[in-house]
Ligand SMILES: CC(=O)N[C@H]1[C@@H](OP(=O)(O)OP(=O)(O)OC[C@H]2O[C@@H](n3ccc(=O)[nH]c3=O)[C@H](O)[C@@H]2O)O[C@H](CO)[C@@H](O)[C@@H]1O[C@H](C)C(=O)N[C@@H](C)C(=O)N[C@H](CCC(=O)O)C(=O)O
Ligand SMILES: Nc1ncnc2c1ncn2[C@@H]1O[C@H](COP(=O)(O)OP(=O)(O)OP(=O)(O)O)[C@@H](O)[C@H]1O
Ligand SMILES: N[C@H](CCC[C@H](N)C(=O)O)C(=O)O
Ligand SMILES: [Mg+2]
């Protein structure tokens, strides 16, 4: 494709060289340059891409997009822009033929509930005759095509390439998670959204955003900037959870009409009567287009909020209520979200992705409501991620469980024992009894409320399955669908579901 075509949508400051050259690939990483690549020099937190321009040109870059003309190459076409990441996102969309301009695109942002809600919306769209691709934490997929997810929302070049591939595979709509990192880094700036959803905002990622205000500002970009009406998509909508304390502030900044939803907030989309039981959620939901009765197998109040978000998106797209109802009712479970691990011991073993204080609180509150026996929780906190959430998660897990086993999540480059020490800071003030793994192994009948620290996750899962008795609920939290554990910079195969199944295989009674 000619550079001129890729440049057409962006207001650039300066161009040196020829717009007529052919571009065959896009990259912001000098280590991935093939001849014909358009290289974007981006300023990052660890490095400045401008330093790698010479290397990129040596390796065959056809042109360079940069912010600082002082770093411009003498022997290659270059384009100066004021915002490299924003330019890259729009140029990537142009390069891949703007796949989201002529298909519905629904984006969801918020601390928790994004993945679950994308699966619900996928089911609604399917019922409405619009087979949709889903892009998020688990994968980027449509039908038989699955692209491994590098991140929840990948870099704009990777994102637009995925849209293209999934559209070519037959996707007629897109549903995607939009992370706060992505909004801050403008990875989604080349996307043409029809509907944006705000699920909630609770503590996470403060290592990156610094403060809750900055975290909120990142989320607000979706509504204030990326949902502005355009010629391609003149009537856009926002669906906002007004139960959340930040909902009103997100709604205030929206550049398009807002549909407010909430369990408690008397908004446009709300339940008029609802029952949340061990079997799921049922009731009646009221929308501006009318009411309908529904029954879902999803568990817990937080999933009612996710259902309302999906219904609000369906209403925003003017889909028939029959399709919205059919989607909600037909939706199966989401991998790694309260996913059951079968066993012959009468133990309810659930693998869940709760990796924030709020998610852990919600999932434990839900399980406590339905528990008839004890609640045993295996959990940990990821390394190289917000350390502030560690004592909070420790406190919630220990307070709400009969036995909490604190272990490693993905330690990444941090010392797992140092992470656990921070988790323990939140538990110690509770005055709950600490057991050693050896003591519990020797005397499994001990059941005074307590906690254990056990770094090795496999050993922690084994201990938990050994201690669990018929009627108990065993929650393995934090890693959900992940089939790996990152220790240092190495990704080892590790899957909580497989680990639990193997541990049950060894359990004698
Ligand atoms: C914190 C974060 O989001 N960082 C992203 C950011 O990195 P950075 O700004 O630190 O980049 P850098 O290392 O300083 O490098 C600057 C530029 O120089 C380039 N470079 C660097 C070295 C070199 O030799 N040559 C070269 O060209 C880099 O490719 C980059 O373009 O820009 C990079 C390029 O786009 C991203 O790869 C990187 O994502 C990292 C890998 C990451 O782990 N991100 C996670 C935290 C993330 O995005 N998570 C969210 C949220 C998940 C959730 O909801 O919970 C997600 O969407 O998954
Ligand atoms: N609406 C919600 N509010 C609070 N907690 C929720 C909600 N929905 C799900 N959860 C909890 O959060 C966990 C993660 O849910 P989900 O994967 O849907 O969220 P996410 O926003 O996609 O997370 P991530 O940012 O990691 O991609 C679930 O396993 C569940 O424990
Ligand atoms: N998308 C989230 C997932 C966290 C999952 C948890 N298992 C961890 O590794 O901390 C992140 O990158 O912060
Ligand atoms: Mg997700």
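Every residue gets a Cβ built from N, Cα and C, even glycine.
Remember, it's a predicted structure, so these values are computed and weren't measured experimentally.
Look at TrEMBL and you will find 22-96 tagged as domain 'Mur ligase N-terminal catalytic'. Over the domain 'Mur ligase N-terminal catalytic' (22-96) the predicted model carries a mean pLDDT of 96.
Feature annotation from TrEMBL assigns ATP binding site to 110, 111, 112, 113, 114, 115, 116. With a 10 A radius on its CB, residue 114 (ATP binding site) counts 24 other CB atoms from all the protein chains.
The annotation N6-carboxylysine is assigned in TrEMBL to 219. The Cβ of residue 219 (N6-carboxylysine) has 109, 110, 180, 183, 198, 201, 246, 250 as same-chain neighbours under 8 Å, each 6 or more residues away in sequence.
Within the same chain, residues 355, 379-385, 419, 457, 478-479, 482, 484-489 sit at least 6 positions outside the motif 'Meso-diaminopimelate recognition motif' (409-412) and bring their C-beta atoms closer than 8 Å to a C-beta of that stretch. Annotated motif 'Meso-diaminopimelate recognition motif' per TrEMBL: 409-412, in sequence order.
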**Asked** When you measure from the Cβ of residue 115 (ATP binding site), how many other Cβ atoms are you left with inside 10 Å?
**Response** 22
**Message:** Can you break down the motif 'Meso-diaminopimelate recognition motif' (409-412) into helix, strand and coil residue counts using DSSP?
**Reply:** 0 helix, 1 strand, 3 coil
**Item:** DSSP-derived helix, strand and coil totals, residue by residue, for the domain 'Mur ligase N-terminal catalytic' (22-96)
**Value:** 28 helix, 18 strand, 29 coil
**Prompt:** Among the binding-site residues 110, 113, which residue has its Cβ surrounded by the fewest other Cβ atoms within 10 Å?
**Reply:** 113
